[in-house]
Amino acid sequence: MPSSTPSPEPCTAAPVLIFDSGVGGLSVVRALRAQLPGVPLAYVCDNAAMPYGTKPDHWLVQRIVAVCLAAVAASGARALVVACNTASTLALDALRAALSIPVVGTVPAIKPAAALSGSGVIGLLATSATVTRPYTDKLINDFAGHCTVVRVAADGLVEQAERLLAGEPLDDRGLDQGLAPLWRDAGLDTVVLGCTHFPLLRDRFDARAPRPVQWVDSGAAIARRVAQVLDTLPPAVNTTGDSAWATGPVSPGLIRGFAGFGFGEPRPLPLPAPSPTP
Ligand code: DGL
C-alpha cells in the first residue's frame, strides 16, 4: 500500500542572487540578512563597468542582461534581486524577458518618502541616470504629485561608498559637495537614498547634514518582496557558504568588505563577449 505520508518538500541550495554595479547591493544584503536569516545568497558586481550612472542607456541594457545571465548560470540562482536603481529603472523588462527565474527590482523609495514628509519637500539623491529616467518621473507623478521633489545627481558619492567598503579614507569635501544641493531648500525634511550605495554612507550623511532629515531607502521593502517570492519556491539550505562574483579585479580591502557581509572572495565572472566600454 502506498504510504500516505506526504513526501518532504524538495530542498535546494540555490541562492538568491544579488546584483549591482559595485558594493551598493550590500546595503540590500544587509536588509535581506536581517529579514531572511539563513537564506543562501550569492552576489555579483559588474565592477569592471562601474559606475553605471553615467553610461548610455542602450549600452547599459545589453551589459546588464549579459552580466545577469552569466551570473545566474554561474550561481544556479533561484531568484535575482537587481539591487541597483540605475539598472532597475532601465532594464527590468529586458531582464524578465531574458530569465526564467523571478526578478525583484529596486526603485527609489519616493512613495514612502512622500508619505513620511511633514513639509512636502523631499530630496531624491541618486545617480545622474536615475534622477532623469522616465521611470522616476512616473514614480514622482504617481506618488509625490503633492510634493516638491529636489532631484540631486550625486555620482561622486558612489565612489565614496566603494572606498568605505574597502576600508579606505573618505573625502569629506566630496561628501559635502554631493549633498550640498539638498540643503538649498530650507523646507526639505526627507531624503530618498535612490542609489543602493548610499545607505552604506548614511551615518556619514547624518553627521554632515546641517539639520536633521529622514533618510529613506528601499532595503526593507525589497527584503519583504523577496520573502513573498521565496514563499512560492522550494525551501533552500546553505550547504556551501555564500559566493560572490565580480567582472573586474577586487582589492584586498574590498575582499574584506565582502567578508563582512558573509561572502567569500569574489571570483571572476566570465562574460560571453567583452562589452567594449561606451
Ligand atoms: N548602486 C547603483 C544604484 O543603485 C548605482 C551605482 C553606479 O552608478 O554604478 O543606482
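Note that Cβ sites are derived from N, Cα and C of the backbone, with glycine treated the same way.
What you are looking at is a predicted structure, and each value in this text was computed from that prediction instead of being measured.
These come from TrEMBL:
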- ASP20, SER21, TYR52, GLY53, ASN85, THR86, THR196, HIS197: substrate binding site (BINDING)
- CYS84: active site, proton donor/acceptor (ACT_SITE)
- CYS195: active site, proton donor/acceptor (ACT_SITE)
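Of all Cα pairs drawn from ASP20, SER21, TYR52, GLY53, ASN85, THR86, THR196, HIS197, which the record names as binding substrate, the longest spans 12 Å. When the alpha carbons of GLY53 (substrate binding site) and CYS84 (active site, proton donor/acceptor) are compared, the span between them is 10 angstrom.
Within 8 Å of the centroid of the Cβ atoms of ASP20, SER21, TYR52, GLY53, ASN85, THR86, THR196, HIS197, where the record puts substrate, the same chain has further Cβ atoms from GLY22, GLY24, MET50, PRO51, CYS84, ALA87, THR127, THR130, VAL158, CYS195. On its own chain, CYS84 (active site, proton donor/acceptor) has PHE19, ASP20, SER21, GLY24, GLY25, TYR52, THR106, THR196 as residues at least 6 apart in sequence with a Cβ closer than 8 Å to its own Cβ. In the three-state DSSP classification, ASP20 (substrate binding site) falls within a strand. The two recorded residues, THR86 (substrate binding site) and CYS195 (active site, proton donor/acceptor), show a Cα separation of 7 Å. Counting Cβ atoms from all protein chains shown, THR196 (substrate binding site) has 33 others lying within 10 Å of its own Cβ.
Residue pair ASN85 (substrate binding site) / CYS195 (active site, proton donor/acceptor) shows a Cα separation of 6 Å.
Around THR86 (substrate binding site), taking its Cβ as the centre, 32 other Cβ atoms fall within 10 Å, counting all chains.
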